């Protein structure tokens, strides 16, 4: 990062600006420290990979001396931003409160809220329920609603799609007004002059910019980040099982998180390095050269996975998952893995539940590595069956208590690359 580089220059070379209001005016404003915000509705107990770019954007701005505000949508989260299909489930205040506590902890991995830290502009966390709950219906209609054209609101893509299908409730239809009012409140209270968000938030962001102009005569700004997809054009952040990739390690293990990024396609890995990491322009250019010249080494993917796991889960978790990956291929000792890391690594494969008297043939079949005992017998005879990285040559072999990892686990392998796991219980 150049000492003379403006944050907007940084975002531009990284390709992080999708849409924005007057970009030159924003660049001029960011010559001095500004306050910006991004909102996160606590509709779940964890943020997910789809939140990564806005989260990391807040961190980038803070590194350049600007003050980030993270807005927890305690009020808007009870309503829900309209989505393309169907109404959202309504959450209780208690659920929202519990989710906010969990999400605050995740936000701390990205921005520094500490007043006495070395950061010039410590982040602030606010809850829009604190001001929205104080507003009565008359104030809402008079001070907010009168500034919005129904024609403009109906023209929003999501609203149009909902009206053409199953309709939309007035509750969700009002979301845009409440979010716009958040921006007015934050401008008045914190002199906030920039809102950032995902591309799907552009309509809401522009509404807030316009409401500030109408109510305060203020010139504020808005910026959205690019839509992130995988190499096949699918929505970014879906795990191999099809579910979301969560920041909470109890929902998505650090091993699964690491594996998602190390499996990034060559066509997207450089974009991911620009968007998600804090590597310099020169470092990324060097990795881009290696992708072009030696893609089989997958060095860019390894760097990406390491950077992203360290950012979200910490350096110790990164070391553990890299050790697990090495151990599965016999390049490190399986006995050195703690049980949670071993278990999460094996959850990426089939895990068989077997009795203590299971033979190698039982293990190969029950784990799905072979379809029949006849095929399993051939694999053993050809020297292709491994348990805990040890070749098994006896078709009658059963594990001893000493061979069980953490008292119950076995790592099975057929050939060089096909893995499975087994949990051994009492004899059947």
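Note that Cβ sites are derived from N, Cα and C of the backbone, with glycine treated the same way.
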Segment assigned the feature motif ''HIGH' region' in Swiss-Prot (from 22-31, 32-41, 42-51, 52-61): 42-51
Range annotated as motif ''KMSKS' region' - as stated in Swiss-Prot, picked from 230-234, 235-239, 240-244, 245-249: 235-239
Positions on the same chain near the motif ''HIGH' region' (42-51), where near means CB under 8 A and six or more residues out: 72-74, 77, 80, 88, 91, 96, 98-100, 102-103, 106-107, 198, 228, 235-237, 244-248, 251, 260
Secondary structure at residue 37 (L-tyrosine binding site), reduced by DSSP to three states: strand
Predicted model, mean pLDDT over the motif ''HIGH' region' (42-51): 88
